[in-house]
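Peer 1: Mind looking over this structure? Questions follow.
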Amino acid sequence: MQNNPKILEQLEAWVEENKGHAILGTTAQYIPALGKVDPSQLGICMVDEDGNYYCAGDTDKEFTLQSISKVMTFIALCCHYGLEFVLERVDVEPTGEAFNSIIPFEIHRPNKPFNPFINAGAITVSALLPGRTSQKKYEYLASFLEELVGHPMELDREVYDSEWKSSHRNRALAYYLKEANFLEIEVEEALDIYIRQCSVKVSVKDLALIGLIIAYDGFNPITKVKHFSEEIAQVAKVLMVTCGMYNSSGNFAAHVGIPAKSGVSGGILAAVPPKLHSQTYEFRAGAGIGVYGPAIDVQGNSAAGTMMLRQISKEWDLSIF
Ligand code: GLN
């Protein structure tokens, strides 16, 4: 497909129309470095299988992955140990609770965390990354990310330090995990790797490309490189649909219908699988989308970003359902 200027025009118009929805949220105040960011920003980038990028709005600013990293950590771990090994240690059940809730873990006492996208499951998964130290685990994850996006990744030190100092809830969760024998490494090491993965800097363009690779079941249609198996991609997409937007995943599935993952920095990674039968769909052959809008709603999802995806999905018939 040739680069289509109409797609860009349309995205620019939708950014303008949806910017105002930022007032429905606020920046993540519990991590001070995220709290002070300008909440009014909104940007989107979409990439198709021919490598056409359509980027509109505030797209030059980098932000941290936060919970979006949980998708890639899960995939990286599955690539290393196999899906079976990972699913023996973390389940694929949504909780319907907040991402950092201690309730499903403490009250239900499951024999493994409910899913790798709630913080309890994510800390468990990060701690399992290959490498003896959190530094080595981080290097493993960073090189996996670098292979996906094709350039070096950097850590946002300020965000890392800010979250490290304010991570009381995650520290509490990690102690629960340790007590339940889900953590083989020490609590502080587990927190270090988890917070590092959350503090990796990305752009909406990076997210769009990763979304494209997930949409194409681990295959990058631009470079023709196969990064992970269909089997792993399938479970990643199931998790994105059922748990990717936390306790508003049902609503997101109903109104947007695209496998996606959000982070409290205001980023959203969306994987639009090929939908060859669609009449109205501009991206019949599949696409990846990255969104940035730092004002987040109570569930921790970008307020304006979610509204914009809702509009795009409706207008272009992107829902997989
Ligand atoms: N680092 C954040 C935390 O643990 C990630 C949460 C998120 O993006 N939803 O609180």
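Here the Cβ of each residue, glycine as well, is placed from N, Cα and C on the backbone.
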Peer 1: Do you know which of Ser67, Ser313, Ser319 TrEMBL groups with Asn119, Glu163, Asn170, Tyr194, Tyr246, Val264 in the substrate site?
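Peer 2: For the substrate site that includes Asn119, Glu163, Asn170, Tyr194, Tyr246, Val264, TrEMBL also lists Ser67.
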Peer 1: These are the binding-site residues: Tyr194, Tyr246. Which one scores highest on other Cβ atoms within 10 Å?
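Peer 2: Output for this query is Tyr194.
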Peer 1: What span in Å does the substrate site cover, taken as the longest CA to CA distance among Ser67, Asn119, Glu163, Asn170, Tyr194, Tyr246, Val264?
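Peer 2: With Ser67, Asn119, Glu163, Asn170, Tyr194, Tyr246, Val264 as the binding residues for substrate, the largest Cα distance is 20 Å.
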